[in-house]
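Enquirer: Sharing a structure here in structure tokens format.
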């Protein structure tokens, strides 16, 4: 904002004083603003070319250890078939280092006690037939009754087993027979494939949750509370809960137990043979329940344990191409009578058995992300269990208190596991209504609780957060899941900067303060400024634009009115001459009323404080000169 200033005359020697005037443009005043929260698809396997059959040419006829395969297909020339009693060259001396065989347990049965004299003849015939079929990469399938048992041979005799190799993935690939040496070894508990974290004492328990048969179930491996118990539950020991669509199958699996094969196997043998550079070590080991699935309802959908291939489960061991699938033996005569969509503990099963690796590896540290993921999975299982109990008519289960936030991830995971087991084994009483959202205790008994904000409270716990008055049956205000009585809620509200009363409805914020919309007015005209431009003076008083100009804008020296911007304009134009302000239309000659401007003939020629044009100024000078000469 500019103030008028005096302008000195251009020259003192001129007979007529021409005073130039300057025009100033002032911008309008500023307008402050008003502010009024997978599973990955199954991993695909490439087709595996079946290796050529292996046999022992130095096996003596009548030896023990092999089974009789079916006869080869008929040939066109029967004369080319050699007789079974052909002579073979004498075997060279055996090299002790050529066969790496581990001795079995001293307390188990010997190989000679397990096999009959018929098996000895089968071994020699198998070697002869294998020589005839060396031109074909495939061998005919063995009859169902000639399945080999998982037994250990003596140290000096390698054993040739016959198994079919099937890639456990959809679509099914071509299955071929594979001979592999499986000497007996000391049973070593091995966890499934993944990152190894030794757990020497706790017994792993598998919790399988299945909603539908269209996708694999997820299993979480946790530690049991009884580390000294080692047993395998039978077909009737599995616990099933079926209020909802999910079922929970709890089994404890032994860490070290030699599984004797039965006389007849209910399932088909599947084995993945390690590469030729590695020696198969043991046919026995820890039978994990994570890889188990059941053919009656999930024949085309094998279970992947609820984890991705790139995300190993808790306590797994990383070693490629060292796992084998062995048959899971079912109880004889056990039928499957369960409902569809639920896992069964009886009937034919297929179990993944992981053989120990030959070279030991250092156990890496368990990643924290995996523990957090297992914690979330267990929490979801517990929530689903509680939801299923409520839908079936049972209240929420009573159990241990919630986990404090100061727990480590490992302790919190263990606590959630125990809480889930406790909730599943201890269904709540009929008069249980839930857990109080205020104190965390159970609400038991009629008339002891109330429901508010979609939560359950004790009657004594549902009080105002400020004055602790009981709010049952009383109106209250809910703010961020917290209850307030009406007086305390009003005291928590913002107060108007003008009337100092609490703002119950809409808040208008301006200049960093809160106002009622009807209290935010101009101090001059008292008009509401809600949604209207305004400005503030040096004292902080609020004005509308018109009243601010009327109060603080410069005034014209002729009409005494404030010089304001033209309608529709944002700038103020004024003329400053002789330390006075003029409107553009008020800057005229006082004698003739002619509009003055910057031109030579239309300029301002003041005389004795009067604004005159050039002609009027000359006329006044002549009058004054004549009067002065008369006086003399």
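Keep in mind that glycine also has a Cβ here, set from the backbone N, Cα and C atoms.
Copied straight from Swiss-Prot:
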COMPBIAS  41-53  compositional bias 'Low complexity'
COMPBIAS  144-160  compositional bias 'Low complexity'
DOMAIN    434-493  domain 'LIM zinc-binding 1'
DOMAIN    494-554  domain 'LIM zinc-binding 2'
DOMAIN    555-623  domain 'LIM zinc-binding 3'
MOD_RES   109  N6-acetyllysine
MOD_RES   117  phosphoserine
MOD_RES   152  phosphoserine
MOD_RES   241  phosphotyrosine
MOD_RES   246  omega-N-methylarginine
Enquirer: What is the number of residues in the domain 'LIM zinc-binding 3' (555-623) that are helix, strand and coil, as DSSP sees it?
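Expert: Final tally across the stretch: 10 helix, 17 strand, 42 coil.
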Enquirer: Pull the DSSP breakdown for the domain 'LIM zinc-binding 1' (434-493) and write it out as helix, strand, coil residue counts.
Expert: 6 helix, 21 strand, 33 coil
Enquirer: DSSP says what for the domain 'LIM zinc-binding 2' (494-554): how many helix, strand, coil residues?
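Expert: Across the domain 'LIM zinc-binding 2' (494-554), the residues distribute as 8 helix, 16 strand, 37 coil.
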